[in-house]
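Look at TrEMBL and you will find 263-398 tagged as domain 'Guanylate cyclase'. The transmembrane segment feature in TrEMBL is assigned to 40-56, 62-85, 97-117, 129-146, 153-173, 193-216.
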């Protein structure tokens, strides 16, 4: 029997399709749902108390009083005991008692129906099946949905179905009067067999399926929302907030790789290796975190994409995942971002100097051209990045900053796209590493 239920549980459970984080959140919601369902039980119990008191004139025997109030008493005992187990947070008994509680609720409804038949049924067992108290089976079925567990809903239906079958067997065994007249069925003592055998169980089963599917759809929705938020959180590490919203609304933008024109920015801290060797690991971590924070703000402020950190180096792109609609705007944004980075660096150095720590210098190189942009990596670890000669050239321009004593150095292509401004001065022609011809570079001449 245990293996049978395990097979059933495997069929209807879809936790294995969820991420570990989602499973933890779902299990937490299951526990919260159990607490909410338990609180609703008190509300339902109060309503049933009012109903029993209102129907006291219809009960004319001590046995009737005893069974009705006894069932209500044990209902509250079950509710209180369930609440106690939930407070104890014993995982094994919390899960086991949920089934016990559902079974006990259905048992109490069955006892109440049977009691009514014995007291008022005049020996006709048809009234067991036609008793309006049968609607009370809906209560445990409905309460089971609060816990987002399909198997609880189905178990509640099985409890009802088992009781209904027992009543059917007893009814037919005693030779009950049957017929096809709905008037006699509703107001008389006859029973329409097809309604009792087929219609009633189908109605309850349909409700159980609807509740189960509702739970399934709710969990799928939560999964999609969780994935969307996780994607936004991940993208927010690399893209500005405005771009994150655009990308999540058009996921194909970064899913498919393509060739496009992009402006690439590289920055690097001067003499970082020597400086880091003399720093405590905790101080180094704090230093890089604070430094990267300022650089990231500068990149995002002008719509850039933070491609990656490589130690102390920063690689950013402008025009990804979508190029700007205005020619040259990506290059202008890259240059504005570089100037903002230098301004952030000045504030960063002032804070360090106020603490008695030395300031730092950085070099920034910018180049524009065609790259391949898209998701690259394995299925387990995928990242959005750009590759191509433009990237290599931007990195080498940054390396050339030291040779020409520049904090900001741009290629001739970038200088032309930003309108050939006067605050950039051409340096002597430089042969970049890996290049056969010398290139013209432009140095920013204004002080920060």
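The count begins at 1 with the first shown residue.
The backbone N, Cα and C atoms fix where each Cβ goes, and this holds for glycine too.
Automatic, uncurated: that is what TrEMBL annotation is.
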On the DSSP side of things, how many residues of the domain 'Guanylate cyclase' (263-398) fall into helix, strand and coil, could you say?
63 helix, 41 strand, 32 coil
Intrachain neighbours beyond the transmembrane segment (129-146), with Cβ under 8 angstroms and 6 or more residues off its ends:
33-34, 36-37, 40-41, 44, 102, 105-106, 109, 112-113, 116-117, 152-153, 155-157, 159-160, 163-164, 167-168, 171, 185, 191, 196, 200, 204, 207-208, 211, 214-215
Outside the transmembrane segment (40-56), at least 6 residues beyond either end, the same-chain residues with a Cβ under 8 Å of its Cβ set are 65, 68-69, 72, 75-76, 79, 82, 139, 143, 146
